[in-house]
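Worksheet: one structure, shown below.
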């Protein structure tokens, strides 16, 4: 089954977690885009959304779905987003699209985090996908040296700036045997805004679109 079909299928399955009359958080990326398209069918049943990126906000508005500033919202009942990798503990690597900081903020606000993926994103151990780290531009070289000292191989994502005006270092070959510990260690490096490990705040529910046509939940 085509990967886009799987993404569409799992995105539509996430609609059952959308409470009527609430403001919900919406993620960024290809699978999240399928969720936005599906959410448009329910737009009259929700109060609105909070977007984790400018691109997501634009797509929501194109569907006529209201987008609120997170600063105007006290809490979110649910946040729906994809992942680049997810393990059996529902810990994730996110940020392939560069929206990791805003995604992490919206996830922190949400009572329930629903992660939607196709089966190719499930892993036993995180780290085959390079770990994105958002960095203040002037700290790029300093942070890169610190990452090398931790055993990583940082690669500057050239020509890309986040919605916050920062740069991304994609780090290969990090030992992610303890995701919670590494998430904290990386965030303690001066100049790092945040990293793409979602371990301290993992997903509450993972929905997986399988090639068989089934959507599994764990």
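Positions of Cβ are set from backbone N, Cα and C atoms, glycine also.
According to Swiss-Prot, the protein has these features:
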- 103: active site, proton acceptor (ACT_SITE)
- 28, 29, 30, 31, 81, 82, 83, 84, 94, 95, 96, 97, 121: substrate binding site (BINDING)
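Counting Cβ atoms from all protein chains shown, residue 30 (substrate binding site) has 14 others lying within 10 Å of its own Cβ.
DSSP assigns residue 30 (substrate binding site) to a helix. Residue 30 (substrate binding site) sits 14 Å from residue 103 (active site, proton acceptor), taking the C-alpha atoms as the reference points. Counting only same-chain residues six or more apart in sequence, the Cβ atoms lying under 8 angstroms from the Cβ of residue 83 (substrate binding site) belong to 92, 93, 94, 115, 117, 121, 198, 203. Binding of substrate is attributed in the record to 28, 29, 30, 31, 81, 82, 83, 84, 94, 95, 96, 97, 121, and the widest Cα separation among these residues amounts to 16 Å. Take the binding-site residues 94, 121: by the count of other Cβ atoms within 10 Å of each Cβ, the lowest one is 121. Of all the binding-site residues listed here (81, 96), it is 96 whose C-beta has the fewest other C-beta atoms within 10 angstroms.
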